[in-house]
Each structure stands twice: as C-alpha cells, then as structure tokens.
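Heads up, the thing below is written out as structure tokens.
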C-alpha cells in the first residue's frame, strides 16, 4: 500500500489518497464552508441585530436583560456543550441550537408591538442554551477538521463566511429603514422578519454537517476515532477542564472576547449615530472582521516555519493593534458630544473618526478571536478533545458577556467600561504567550490514536463507510 510519508501510527492510507478532491462533501474544506454558512444565517444575523444597539429598540433595557439571560445560560451550556456534541453528534446538536435563534428574533418582533420584555428575556435564556450547543459544535469542527498546518487558514475561511452574515444583516435594517428619517428610533417589522427567514434557513442547513468520524483529510486520515461518547465520560472530562492549566491560562482571553461588545454596540454605535447609519456602520464592522480574520490567519499559518514562532508573532501583532485601537477609543470617548447624532450622509468629516473607530473594533474582534481559536486548535488535533476545549472557551466567554450586559444595565459609565475592556484584553496576551511556549509543540505528527482505514472508493465520492 502506498504512503504519503506522514501517516499516524497504525493509519492505513488509501492508494489514491493523493487524488482526494478538496471539494469532496466529506472534505474538511467543504465542512468548514458549510458550518460557516450555518453561522452566517444564525449567529451572523444575531450579531447584526445586536450590533444596532438595544436590539433595534430605542430603550436598551429589554435587550440588555435578554442578553444577560442569554449569556448566563450560554455560560453553562457552552461549557457542557462540548460533551453534548460528543454524545449527540453534529446533526441534533446544531439543529437544536440553530432553532433557538429564530425564537429570539421573533421575541423582538413581538416587543415591537407590545413592549413586554418578558418574552424577550425567556427567548434570550433559551437562545443561550442553543448558542452553547451551536458554538461548542462549531469550535470542535473548526479546530479539529482542518489539517494541522492550515488551521489559521481554515479559521479565516470560516470567520469570513460567518461575518458575511453580519454584513448582509447590517444591510437589512439599513435598506428597510433608510427613508424613515432621523426621527425613527426603532426598526420596522420587516427587519425582524428578514432575520427570522435567514435563521430558519441556517437551522435546515445544519443538517448537512458530517460527524468527525466521517470527515477525511486529503492525506486519508479521519478527524477522530470516536463515534459517540457517553454522559459519564463527558461529565468527568468537563470537570477536569477547571483544573487544566492550559484552560486556566485561556480564561482572561475568553472572558474579554465578548465583554467588549457591550461598549462597542451600546456606547459607540448606538449613541453616536442615527438608526440608518447604525445599519450602515454594521456592514463595515462585520466586513472588517472578514479582513481581520484573513490577515491574522495568514500570519499564524505562513509567517514562519516554526508553529511556535507563528503563534508568538500573531499574538504580538494583535496586542500592538489592540493598543492602538483602544487608544483611539479613549480619544473618541473624551471628545464625544452626546448632543450630536451623526448621519453617514449628512455629517461630513465629523462622521469619519467614529466610523473608523467602529470599523477598527470589527477588525480587532476577528483578529482576537481567530488568534484564540488558533491557540486552542494548536493544543490538540482530535475533535473529541477540542469540542471540550472550545466549549470551555465559549462558556467562559459567555459568562463575561452576561456580566458586561448587566454592568451596562446598571448605568456604569462608558469610560469605566472602556478602561476595563482595555485592561482585560491586555492581560490576556502574556498568558497566551506562556501557553504557546509551554504547550504548543513544533510538530505533533504521530501523536494521534490509530485511525481506521478509509475505503478509497467511498472517500472519493464524498461518503465514508
């Protein structure tokens, strides 16, 4: 039997492995594109809804309370979501998670008419459960399916597709509310209905994702041996995460990575711009994320031959850029006049500075989170392990977000929120550097468990026995 020279111990490589197509249904590339499209439709549209500030409402109270409920349950189900994914597989986990996004958007359609926040809060709590499932599954897929030396590239592909959802989602309120004038304070029903349609499509699309055991890389290896786990095993393994030193070093980065959304959405985009301009800004905010993810993905995959050096450089680049952007945010906050509401068409040069800042926030968000996902992906290659790591990351991230939205609800000043965000992100960089130096190996080939033989004929056609 022929070999490619980089087999795992015990792995049997098909004779025609070299002919495996990048565009096979069961290839990592196609599966990453599909999970990107799922997230385009569901969390991508959710991001556009949240990015308007206050969920598109004049009063942020209902949105803040709904988001607090969301991220509270998300914190719990993000952590256990990896275990649930290992037990149920991608179809049930992703479909259940995606369905909850539709309910959340519908709750704001209801709020638009009746101004009762209870439904929005309950829908937020339910969405937290669903989001925990979806993002744990997504994290496992994005970090374990790609080849080891191209994880940054595949993360950037996912992040670009996912954030195109925010771009399209930003266009929906921009177009539908364009002619409503400066007096319009809340988005119209069509905006929420548009979000719900996209989210429903995402739920159906989630059924196309294959389990890790059926995904075959171009060298003939599968992403994992495991078919299904069990509750006892996953419970023990999840508990172990809380005293796993690698996960403890990730906590500050995880906590801060959604903490800054409250400041960006509710204290930059919402108070400084009118409704149509907020939608316009979001097109560029989420578009900037596509640029940022591609840039940092290149640095962390191609800048050096040494994986450890690439990781160190990537963290250094993000740290320097973040310092500059948060410094710009400080200048903007000091100079902000709450009496002035900016419009992209009528405000002239006064619009430029705040717009560039908001664009830069999108750039930083993608680079920061892609960097953290790359570090997580560098800690292992197996889907079973990485689903737990990704779930832990999303759980801690969501706990931070729950606290952030409630801090805003208690009228903590924008300046205080800015400073806390700047400090939290800054603290995370040296800890990630320590993690890379101590835990990321230069070459992890040969560490995986033996992988079952792939039937050549079925792999070529996109189906694995």
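Note: Cβ is positioned from N, Cα and C throughout, glycine not excepted.
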Of 283-300, 391-408, 445-462, the range TrEMBL tags as transmembrane segment is 283-300
Note: vs the transmembrane segment (92-111), the recorded stretch with the largest number of Cβ pairs under 8 Å from 28-46, 190-212, 245-263, 351-376, 419-440 is 190-212
Of the listed stretches 28-46, 66-85, 117-136, 419-440, the one with the highest count of C-beta pairs below 8 angstroms to the transmembrane segment (351-376) is 419-440
Note to self: Suppose I define contact as three or more CB-CB distances under 8 A, residues 6 or more apart in sequence; do the transmembrane segment (283-300) and the transmembrane segment (157-178) meet it?
What the structure shows: yes
Quick one: do the transmembrane segment (117-136) and the transmembrane segment (312-331) have at least 3 Cβ pairs under 8 Å, skipping pairs fewer than 6 apart in sequence? no
If you count CB pairs under 8 A between the transmembrane segment (28-46) and each of 66-85, 190-212, 419-440, the winner is 190-212
Per the Cβ under 8 Å criterion, with at least 6 residues separating them from its ends, the transmembrane segment (419-440) contacts 246, 249-250, 252-253, 255-256, 259-260, 263, 307-308, 311-312, 315, 318-319, 322-323, 326, 329-330, 368, 371-372, 375, 378-379
Other same-chain positions with a Cβ less than 8 Å from the transmembrane segment (312-331) and lying at least 6 residues past its termini are 152, 263, 268, 296, 299-300, 303-304, 356-357, 360-361, 363-364, 367-368, 371, 374, 418, 421-422, 425-426, 429, 432-433, 436-437
